[in-house]
Amino acid sequence: MRAVDCTPEHAATVADILVAADLRGVHSHGVNRLEMYVGEVRNGEVDPRVRPEVTSETPAIACVDGRNGLGMVVGRYCMELATEKAQTMGVGWVVARGSNHYGIAGYYAMMAAERGLVGMSYTNTSPISFPTRAAQHVLGTNPIAVAAPSTDPKDPFVLDMATTTVALGKVEIRDREERQCPPGWGADKAGRPSTDPKEVLGGGGLLYLGGEEETGGYKGYGLAMMVELFSAILSGADYAAKIPPWRRVAEALHHLYTRAANLGQCFVALNPALFAGGFNERMGDLMHQMRSLPHVDPALPVLVPGDPEKVMEEKYKKEGIAFHVNLVDALQRLAADLRVDPLPLRDAFAGDLSLDRSAVSDDGRGGVGVTNFAEQRKRKRQIDARVIRSSLDIRAKTSVVKPLTQPKEFNFATAYRARPTRFLSPEEREQQELESRTQFRANPLPVHTSSSSTTSAPIFKRPPTEPQSPMLHTTARLGKKRRLEAPSVENNTQHHHNNNNTASDAGGGKRHKCAPRPFQLMTDLRGQQTREALERARLEERRREEELRRFHARPLPEGDAFRPAPSTAPLTRPKPYPLRTEDRGHVKQESLARRLEGERRREAELRRFNARPLPDGDAFQPAPSAAPLTDPKPFPLRTEERGVEKVLTLQHSLAAAAEQDKENRQFKALPLPTDAPFKPRPSTRPLTELDEFNLQSDSRAAQRAAFEERMRAKEAAEAEARRQAQLAREREEEREVRRLRERLVHRARPIPLSVYQPMQALPSAKALTEPASPCLGLKRRKQADSFQRS
């Protein structure tokens, strides 16, 4: 990183995080990413020297602008700021925008855990994953990291996971090792599941946790949306499809990758001491309970998040980090390209080559050096590859079948080099045409015009329209209706007056006649409000015109005007590259200019006005019509008849109401009831019988049971397939071990007969040896026996 103009502090930060990722066994985010970071800095997509700055801040939260710097520098700065706020306020929440890829998310969560805090880290990434039911990848892996301290400072809880099945770096490792991906990792360009890493990296994408929708892939999709909320939506960074695609995917889709990523990230730190006490003890007890659970397989203990990484970290600290030979070659090529010292390597032939099948079993990661057997097998592959490259004699004796070279497209830098625009846009062409046209020149004033009359004639301004009440037909009908109702109202008034007099004579009181009131129409109120609003608008318009006519002079500036000092340095004169593309560009520009000139001529021809010639002969004069003028007649509206009927109905109803009111005033006592009291009759219907409920949940339960049965059968088939694959791998490993041991056994060459003659045994003429008893101890035993008898 120092070789690409990175500051020493930033280079040390990048090195620390990359090595931490490799130590924890996360090789997908270790030095495997170094080539990507160097390429981004070289292409100007990342600024390696800027420092992040805080745009808004409170005692507990902050928003940081990464300024398109290195994502690892932005991540460490934000988490340090979050931990400082958590130690003082109890919680620290920092979001960042304008950042880039920041390595493993667990590194920043562990920064808080080392200080006794609960740490969380989220980030969105370039679109590489397919949402559920989607045929286009618009979201990234969007990792989630949570770390918490426990009773043992060296044994924290660390959850570092992507919302996809795996991270993209694991697919890259599979591609480097030329191995297939397991099912459920990725998909091709059309969103169909695929196990070929080249299809996944060449325009395809990853699948979220759970895989497809039937197996719960929508849950991983929901977690990815949550990460977008916390990291990008809160910080104002780019999100989803607005983020430029990952470089390898962009090249596969023939897209240009020239603008900044502008990723969003979120860092949270919590002080558990401000909650319930004893957090570390409870966390340690929870982890101990999980590890103490009974094992399904005695060889596979129950783990908690972070245990495999701790084992790898302890192993690599003792034995060193094991890299794949293809990754080592890529790093050596990068070092040679940057003209820096290559990566120091240990002797590949040191150590024992024996393979121990009783070693710790694989943890399912598929990484380098996870188990002794897997590590030794990869070590054997590295040794074989280096032996083949190191000696011609060994290469001749060893039968190595190399795969065919896969052709790849050239990655020219000219695809990303910015060239000046040499043709005009439609707006610029229109502007040039307007400037090239002849300017308008007014005709001179006539001679008879008086020189003293310099002022123009006053402009006639029409007075504003006075608002008037609309001529509605309802007003005419209302007047006609009132004229019809006038006699009936007087009769009713007289009738009521007589009744009132009678009642007043009987009761001694006195009542007055009810005078009819005019109708309160809303049109009158709206008309008055409209007139008032128009009057206010007219006054406001008059005030604005007076304000605009008033002249306001600007104050003169104080002091001398600023005069920049002329620069004495000569201007930089860039020289164009002698590229073949420039010649093709000139040809293309000339053809484009000819086509634009033809279009301009056609447009000018279309804009030219061609008047039609005047017709010859007399003009057409229509003959006058002898038909009489139309005499408009009033419309026979049904509403008039309905209005008269309504008035008559209203009069009858008023008369009936008055008659009923008169009858109600006369007291009439009700007779006493003589009927027998009501007794309810007993029911003769049978009692209701309860039927069993036909619940839809029963049918759904049956369907669910059938679905679970199918899923169990499918899982059993998959387990059997995995077992068969495991057996096949073991048999293949045994065959490899057997072949290796056969190659390691020394076989002597036969003795050439041309140099050494074989020896021949000749028959002997001596007589055969006659065997005689040696009499070993026989006399001593006989003497002992005779002595005992005596």
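In case you wondered, yes, glycine gets a Cβ from its N, Cα and C as well.
Bear in mind that the values here come from a model prediction, so they are computed numbers and not experimental data.
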24-63, 344-383, 704-743 - the one TrEMBL records as coiled coil: 704-743
Counts of helix, strand and coil residues, the compositional bias 'Basic and acidic residues' (425-438), according to DSSP: 11 helix, 0 strand, 3 coil
Reported mean pLDDT - the coiled coil (704-743): 93
The compositional bias 'Basic and acidic residues' (580-608) - residue tally per DSSP class, helix then strand then coil: 28 helix, 0 strand, 1 coil
Helix, strand and coil residues within the domain 'TPX2 C-terminal' (693-753) as assigned by DSSP: 49 helix, 0 strand, 12 coil
